[in-house]
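Single-structure report; data block below.
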Amino acid sequence: MNRLAKTDYSRWRMLDEDGKHTWHYLDDDEAARTWPQTLADKYYLGLPLDLPDLPTATSPLDSAINGLKFFSKLQLPPGNWGCEYGGPMFLLPGVVIAWVVTETPIPQAYAIEIKNYLMARANPVDGGWGLHSEGDSSVFGTSLNYTVLRLLGVDSEHPVMVQARGLLHRLGGALNAPHWSKFWLAVLGVCDWEVVNPVPPEAWLLPDWVPVAPWRWWVHIRQVFLPMSWIWSKRWTAAETDVVRALRRELFVQPWESIEWAAHRNDIAPTDNYHPKSWLLNSVNWILSNIWIPYLRPRSLATRAEDWVSKLIDMEDANSDYADLASVNGPLNMIVCYIRDGPDSYSVRRHRERMEEFLWVNKEGMLANGTNGVQCWDTAFLIQAVWSAGLAEDAQFKPMLVQALEFLDRQQIRENCQDQGVCYRHVRKGAWAFSNRDQGYGVSDCISEALKAVIVLQKEADGYPQLLEDQRIFDAVDTLLTYQNPSGGCASYEPTRGSEYLEMLNTAEVFGRIMVEYDYPECTSAVLTALVLFSKHWPDYRREEIQTFIQRGVDFIKRAQRPDGSWYGSWAVCFTYGTMFALECLRSAGETYENSEHVRRGCEFLLSKQREDGGWSESFQSCEQMTYIEHPTGSQVVQTAFAIIAVLSVDYPDVEPIHRGVRMIMSRQQRNGEWLQEGIEGIFNKSCAITYPNYKFIFPILALGKFGRKYPHLV
């Protein structure tokens with residue numbers, strides 16, 4: 001009873017259809033024979049690669065070349081690179097619950113490997129699950145992942161379940177879960193809807209001028225709130241099953257029948273309460289629950305709101321061909337379509353197909369990615385890394401880079417959204433998304449990094465095809481120029497639309513800084529460096545606007561510097577990441593260690609954090625606590641590369657500490673050229689860590705190559 005099944009990993013294949021990644025399990029021997037496993041498949045799955053040792057690197061540039069030789073073998077046929085984008089432990093539950101309540105068959109191989117992944121990720125000390133894979137156990141993670149395992153057939157008396165249930169009960173049971181968990185359990189029928197704080201669709205009927213109107217919110221929270229509000233308003237619950245009845249007994253510390261659900265709407269365990277509800281949100285929830293909904297809410301208004309929300313959901317689906325923004329709103333949109341259109345409708349069938357792209361298989365099992373991948377993002381960075389290392393004209397890497405350029409060519413978004421203004425979407429013509437063109441959301445730094453990658457190959461390297469004509473480059477720049485906020489900084493998906501005071505209405509509880517867009521030093525820096533590079537080759541295009549944009553952006557970067565000289569990074573770990581971007585930005589504006597106090601302070605901050613072994617060590621906890629915290633396992637290859645790139649970019653004069661960091665990175669390289677996985681690299685919303693496993697190749701290659709070009713005599 002205690003041992004779980006395992007699939008035959010030699011039968012898994014990852015299919016890349018021009019950036020659309022799906023995993024397939026081949027039961028049929030003939031199918032497995034005719035579709036052989038690739039080296040990339042084996043790498044993702046943790047299978048032996050049996051690659052020969054490379055010649056021992058005798059210089060940093062040799063080490064960069066060895067790393068690139070290994071990483072080039074992982075390039076996928078369309079020209080991009082793939083990887084898991086995991087870490088958050090609340091994503092799989094949304095996918096699995098959506099499958100269950102929409103009568104979507106779950107392939108046996110999927111069920112087996114999801115169970116294996118969750119078992120592998122259970123906290124080895126207390127048996128629970130956290131917000132993310134490296135976080136402390138929480139009611140959010142434990143209640144939802146316990147539920148997933150039970151839905152997939154794990155017995156309640158399995159030792160893992162017994163331990164997890166014991167922890168959950170010590171934390172107060174599922175009534176102490178945050179809002180999102182209570183919502184999912186209500187959809188499933190494990191909780192009563194009375195325990196879920198209001199998610200009124202009427203908010204979408206507010207005039208655009210209202211300061212709290214949802215169009216002003218950050219795109220991820222508004223696209224999650226959108227289907228949530230429709231489902232909440234319908235109070236829809238899936239059909240009751242034996243497993244649901246069992247979960248009602250298992251997830252709570254009191255008899256299910258005796259629970260006064262409304263009295264527990266605001267209950268939350270201290271482990272989960274990262275962003276406590278404000279007095280304003282509590283007041284709004286009380287008024288909605290006790291006055292508006294029972295006494296004042298006209299059914300006609302609710303219907304009108306539901307109809308408008310339904311149309312907005314359809315626009316989101318249409319503008320992404322059902323790929324949707326990410327792996328939280330995608331499953332929710334599918335549930336809406338199932339309730340509204342029926343299980344056999346085109347909308348549900350297409351959602352089922354596209355949800356496959358959120359899934360990934362690694363050596364531990366099957367997980368859900370944070371989006372449908374990081375394809376454009378990683379590919380753009382890799383191109384720039386090879387260029388910066390001086391290897392773009394090396395014949396052995398040119399075919400790889402041509403393929404990568406062709407991928408970015410095909411992935412550029414060529415048109416704005418249908419009904420762009422109606423569905424509150426930002427301009428996107430000429431943009432690149434984080435993952436692929438289908439997903440369709442331009443992001444300021446994704447556009448910038450892809451644009452830089454295209455320009456360095458088409459304008460600065462010899463012998464590359466001119467795939468993007470000038471007008472397409474101009475389209476990207478035109479879109480970039482829409483991202484600057486009045487502060488001079490740039491946000492992510494769109495300029496800031498609302499006040500930071502909207503955080504007082506943050507209902508998620510487990511995340512911070514999610515209600516509106518913010519100025520991000522790394523996004524601002526990416527845009528500015530892209531515009532500087534663009535202006536080098538097209539100096540007359542929108543010259544004055546670009547110069548003004550750059551100056552205002554540089555002023556923002558300087559203001560964003562913290563008293564200790566660092567910059568906070570919101571999208572990766574953390575101060576090393578943010579400081580790398582900021583220093584590269586200042587260098588693009590002509591500032592170096594010699595002539596800029598801001599640069600000197602940034603370098604001094606980084607050098608103050610260097611460890612005895614030459615490396616840098618930073619934990620995701622830096623992002624949570626907004627102060628530099630070292631990783632408990634010591635120096636990290638990725639953060640060391642960030643720091644080296646930063647100080648090299650601004651001509652830090654003392655080569656000795658940089659050389660020590662370079663030697664540390666070289667010492668971690670395996671004989672086949674790879675670097676092994678270390679601590680989690682990414683973060684979002686201050687509190688949730690997420691993986692960027694290709695960073696351990698891209699940034700060390702960039703750091704080593706950059707150092708090797710600048711100091712070719714040092715080994």
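The backbone N, Cα and C atoms fix where each Cβ goes, and this holds for glycine too.
Annotated features, as they stand in Swiss-Prot:
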- ASP445: active site, proton donor (ACT_SITE)
- 111-153: repeat 'PFTB 1' (REPEAT)
- 550-590: repeat 'PFTB 2' (REPEAT)
- 599-640: repeat 'PFTB 3' (REPEAT)
Long-range Cβ neighbours of the repeat 'PFTB 1' (111-153) (under 8 Å; 6 or more residues past either end): 4-7, 86-90, 92-93, 96-97, 100, 160-161, 163-168, 171-174, 176-178, 180-181, 184-185, 188, 190, 243, 246-247, 250-251, 268-269, 271-272, 274, 361-362, 364-367, 510, 620, 679-680, 687-691
Contacting positions for the repeat 'PFTB 2' (550-590) when only residues 6+ beyond its ends and CB under 8 Å are counted: 445, 484, 487-490, 513, 518-522, 524-529, 531-533, 596, 598-599, 601-606, 609, 616, 618-620, 622-623, 626, 628, 638-639, 642-643, 645-647, 649-651, 679-684, 686, 689, 692, 695
Secondary structure content of the repeat 'PFTB 2' (550-590), with strand meaning DSSP E or B: 25 helix, 1 strand, 15 coil
The repeat 'PFTB 3' (599-640) - residue tally per DSSP class, helix then strand then coil: 19 helix, 2 strand, 21 coil
